[in-house]
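Peer 1: The domain 'Cytochrome b5 heme-binding' annotation in TrEMBL covers 22-62. Feature annotation from TrEMBL assigns transmembrane segment to 147-164, 289-306, 312-329.
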Amino acid sequence: MAAAACAPLDPSKDPKYRDIKWSIYRGKAYDITDFIDRHPGGTWLINLAVGRDCTALFESYHLRCETAAAVFNKLPVLEGFPVDAVPRAPYPNDSDVYTAIRHRVRKEVFEGGEHVGAHRRGSELAAAAVLSCAVAAYALYMRSAGWFTGMLLGIAGAWIGVTIQHCGNHGAMSNNPLINNLLGLCNDLIGGSSLMWRYHHQVSHHIHTNDDVLDEDVLSMYPILRFDSRLPRYWFHAYQHLYIWVAYPLMHLAFQWGDINSLFSSRTVGAELLGATTAEKSTVVVGKLLHYFLLLVIPWLVYGPAVALTGAVTYSISLSIVLALMFFVSHNVPENKPLAPGMSGADDATRAVLLNQLDSRDWGVQQILASANWGGVVGNFFTGGLNLQIEHHLFPAISFVHYPAIARIVADECAQRGIRYTQYSSLPAILSRFLLCMRQLGVAPYEPAALLINKIK
Ligand code: HEM
């Protein structure tokens, strides 16, 4: 009773703060309302900071963190704000390894060119290649719609999904926020939602990678798929490495339900849409209409329902499989999981970091231990840097063309500090580890976080 009486009032329920766009940075609440339209990274990204502790987003997105942080000195501080009532994110700049890597990246890769935006340049060729390929695939689809062209269109759509929409929504494709937003909107064209992606992917997954409560990627397919042994186990999980191949092709369909549901509930599984404007929300509706108009309605009018449906179904399946493969292998190999001791690849260090309380968690080490790389520069070009997932998680707002150079620094720092850096030679190599991990997670005993913490002590 006494504890409840002392608990700070939730600011989202306090009328005093209803008309203020506030955000918390390092324990202080600021009124960022007037700065939003002046934000050099664009309004869509800073909107992610509204109504929450933005420290982790802020410190992982600004390469010149000190320049961006200087703005807080000019913003109104909200004295007496119940900061403790707002969930805290870990602070990236408190991580020794992260700040050391960032220092070296600025010095050795960009040599001070960050002030002219060198870190966000270089993806123009990749963007042109991806867009040309998508236009050609759609032209072919419209010329002769059917299962084969539908499949090709799905692969082209997936290439958009992993490269230009993904990097655009991270603000990493250009120094111009408008270009990033337009490329980000390609997510809606291929059947997803750029708005939901920003909240789900950036606010939930990037900040809390492989957390069993806060990372939406761990939770959203549960109970069908069990991505963490801290989630209760059912008998059918023992077969998840097999039926995953039936679940994955349904991903595009699942997006449709998830996006519309999130629009009505104003939240994704892992994040509330606290700062999303009406214009941003309207992209969900317009995007869905446009997607189905291009994929289904036009081919239906030209070729009839049977052909149009065949094309749309094969599009949906091939897009889903490619996207699922690219996204899921990156955080789901045994090295990334707090698996039971004795299971192949289980790692005490990963277990210890992921089980730490948020405010004492080393964000940099978490990103490194919970992610896995495969391949090199060729994979980097075709996946928009997703194959160098460790570097992507440390620097989501840097253009992916710089990841191979950054990877050398990250690997070196990890070797010096004894931090496990997981790198596989190729996609098939990481894929086999991913399947092993799914098998292990399917049979691993259910161990709630509290139980695991005791085991480490
Ligand atoms: C909440 C308060 C925020 C403030 C005061 C702020 C301030 C700034 C400033 C001053 C810059 C220019 C930096 C430079 O010239 O080096 C900038 C750029 C940028 N911001 Fe923010 N920002 C905020 C939140 C965010 C958030 C939440 C995100 C991402 C989710 C973000 C993403 C970016 C990006 C991508 C750029 C351009 C790239 C870069 O500077 O490296 N910002 N911001």
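The backbone N, Cα and C atoms fix where each Cβ goes, glycine too.
Give me the lay of the land around each of these features.
Peer 2: Away from its own ends, the domain 'Cytochrome b5 heme-binding' (22-62) comes close to residues 11-12, 68-69, 71-72, 75-78, 81, 83, 86-93, 171, 177-178, 180-181, 184, 198-199, 202-203, 206-207, 272, 274-277, 280, 363, 394-397 of its chain (Cβ-Cβ under 8 Å, at least six residues beyond either end).
Remote same-chain residues near the transmembrane segment (312-329) are listed as 147-148, 150-155, 157-159, 161-162, 190-191, 217, 248-253, 295-296, 299, 372, 374, 383, 386, 427, 430-431, 433-434 (criterion: CB distance under 8 Å, separation of at least six residues from the stretch ends).
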Peer 1: For the domain 'Cytochrome b5 heme-binding' (22-62), would you mind checking the mean pLDDT of the predicted model?
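Peer 2: It averages 97.
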Peer 1: State the residues, same chain only, that lie 6 or more residues beyond the ends of the transmembrane segment (147-164) and have a CB under 8 A from a CB inside it; answer 'none' if no residue qualifies.
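Peer 2: Same-chain contacts beyond the ends: 126-127, 130-131, 133-134, 136-138, 140-141, 173, 183, 186-187, 189-192, 295, 310-320, 322-323, 326-327, 382-384, 386, 400.
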